[in-house]
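Taken straight from TrEMBL:
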DOMAIN    241-374  domain 'GGDEF'
TRANSMEM  29-52  transmembrane segment
TRANSMEM  64-83  transmembrane segment
TRANSMEM  95-115  transmembrane segment
TRANSMEM  121-140  transmembrane segment
TRANSMEM  147-166  transmembrane segment
TRANSMEM  172-192  transmembrane segment
Amino acid sequence: MKAAILDFFHVPEAVRAEFWREVLQKNHLSLVVICIMILGMELYNMARVLLWSSSGLGTLNNRIYFGFYASLFLSAILCLLLEHALRQAAPMRRWAAQYGSMLFFFLWHAVLNAYDLMRDPYGSTGIFVTAVLALAVFIHMPWTFSIPAYGLAYGLFFLLAGKHLAGGDLLNLTFTTIVSLAVSLTTSRNLVIMVSQRRQIDEANAQLQELLERDPLTGLLNKVAFQSCAERILEDGERGQDLTLLLLDLDDFKGINDHYGHPCGDDVLVHTAQALRQVFPEAAGIGRVGGDEFAVLLRDRAEGASERIGQGLLPALARFHWEEKPLQICCSTGICRTDRVGVSYRALYEAADRALYEAKGLGKGRACACVLDGEGAENSMRKKQKNC
């Protein structure tokens, strides 16, 4: 029971920031509407005292009521100004302004209704009851603020007007305050639940999106996701910021599948993916873009990329064992570098693919490189290197 009560009042740390954003956003709209209503009503009330009352401000009672109306009118203006001035402020500063405005409005109605009852003990408690219910319906706040607010307003009203209330009226007023507080607490709890559920949905969607973008066997980006990654980087690129695309194709992978079986081939693909992550940890993207074809995207000139393949990747691939027997795994590589400006992913991919095709024609473990200029024209000079 105790745990359930504590859980009811608790705002989890994981959703606390989002909870406060929701509170501030919802209260902002409510306070703007409330302030506009206050401005209209109190403008009317002040005009009623000044223009339509025969005694005007000549009596103490009229001056007291006019003071009530003017103070609420000015506080509504101040509230609107604070909401505008603090719209980009830290959440707790915005909340302090909102809570201060709301608390003043609430206590104002309690004191006004108490003054009415002092003048007329048979009067109504409708003003205070309306304020209590309105606070529960329109204002969102956690229990650490709602309980003090309701307690302070109820205590002040009881202190000023309690002796003028009949037992039944006092009981009804107490019951209404308790119910309104319960509504406020429940509203806050429901907001926590809503934010938590929305966070869970967002996380689930992110996981689903991750699954859609990943190759299920290797965990690398799939072909579509890799292309999207490259296109996004190309679009955001600036002149002088190079992008290098590496296309790698496992040599004689079909022979591995035919001789050792597809389970062995799958393990080779997984081992290759792990090796690529180790050799190119800074890569902007690593993907499996074909059956035995992989792609690596580097954000710089990738000086020595071919050497890293020969000195890092191929030795890592050569360490693969199947059923305690070493397999000689090798790959051919096509490398294309560009300054990004004016170059499409298709042009970059096709140039790297041509370099890969040329590398495979030279034998196993070869790498060929080319450069695309800003207009997508391919430099005919290629670097050819034997890596294994």
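Cβ atoms here come from the backbone N, Cα and C positions, even for glycine.
Small disclaimer: the values here were computed from a predicted structure and weren't measured.
Counting residues 6+ beyond its ends, the transmembrane segment (121-140) has Cβ neighbours under 8 Å at 22-23, 26-27, 30, 33-34, 102, 105-106, 109-110, 112-114, 149-150, 153, 157, 161, 164-165, 169, 173, 176-177, 180-181, 183-184, 187-188, 191 in the same chain.
Using DSSP to sort the residues of the domain 'GGDEF' (241-374) gives these counts of helix, strand and coil: 57 helix, 37 strand, 40 coil. Using a Cβ-Cβ cut-off under 8 Å and counting only residues 6 or more beyond its ends in the same chain, the transmembrane segment (172-192) has close neighbours at 8-12, 15, 19, 22-23, 26, 125, 128-129, 132-133, 135-137, 139-143, 146-147, 150, 154, 157, 165. Long-range neighbours of the transmembrane segment (64-83) within the same chain, counting only residues 6 or more positions beyond its ends whose Cβ lies under 8 Å from a Cβ of the stretch, are 28, 31-32, 34-35, 38-39, 42-43, 45-46, 49-50, 57, 97-98, 101, 104-105, 108, 111-112, 115.
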